[in-house]
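Enquirer: Feature table excerpt (TrEMBL):
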type	residues	note
BINDING	H99, H101, E105, H144	Ni(2+) binding site
BINDING	H99, H101, E105, H144	Fe(2+) binding site
Amino acid sequence: MEASLKDPREDVIEAWYMDDSDEDQRLPHHLEPKQFVSLKELEELGVLSWRLNGGDYENDEDLKKIRESRGYSYMDICDVCPEKLPNYEAKIKSFFEEHLHTDEEIRYCLEGSGYFDVRDQNERWIRIAVNKGAMIVLPAGIYHRFTLDTNNYIKAMRLFVGEPVWTPFNRPHDDLPARKEYVENFLKKEGAGHVVAAR
């Protein structure tokens, strides 16, 4: 039997179920024993991902193709760290408030690392660790939050369809059309729910 080929995305993206500890949000917050979540399971929640060449985004043909096929016309780059982000403490606090957007949230990690947390079908938190070269798309209407890890630094490309609107709608905002559509498309599917392998 042939050994299954490892998905190259797994070198830059990893996901797991979180514990409910109130310790520093920048810690991994693994359960004991650890419970990992596959990229396929993330896709079932609408979270898409790619592995790209974070060191040469200006000439990356794969990035160009993704932007063209998904209509990502807007792009900027932001550094999230105490030295470069104005009003850092307040911003980090607001990023970690559970919220949703009415459009996709697209982030491409060019340097550093960080965590995006999303809810599964049973409201459990899944932590998604992104490193250099990881690009993820959180669908419109998904409740999520972001934090740096203990390295305290990420340089990320933000992409958007058309003019960017960064408005966060802190939970609860279940009445928004984007949320209703997300629930209908991803949370009400028959047989929704995951079997999680411990490693």
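Note that Cβ sites are derived from N, Cα and C of the backbone, with glycine treated the same way.
Map the listed features onto the structure and describe their local environment.
Expert: In sequence order, Y143, H144, R145, P168, F169, N170, R171, H173 are the residues near H99 (Ni(2+) binding site), counting only same-chain partners six or more apart with C-beta under 8 A.
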Enquirer: Run through the Cβ atoms and count how many others sit within 10 Å of the one on H144 (Ni(2+) binding site).
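Expert: If we count other Cβ atoms within 10 Å of H144 (Ni(2+) binding site), we arrive at 22.
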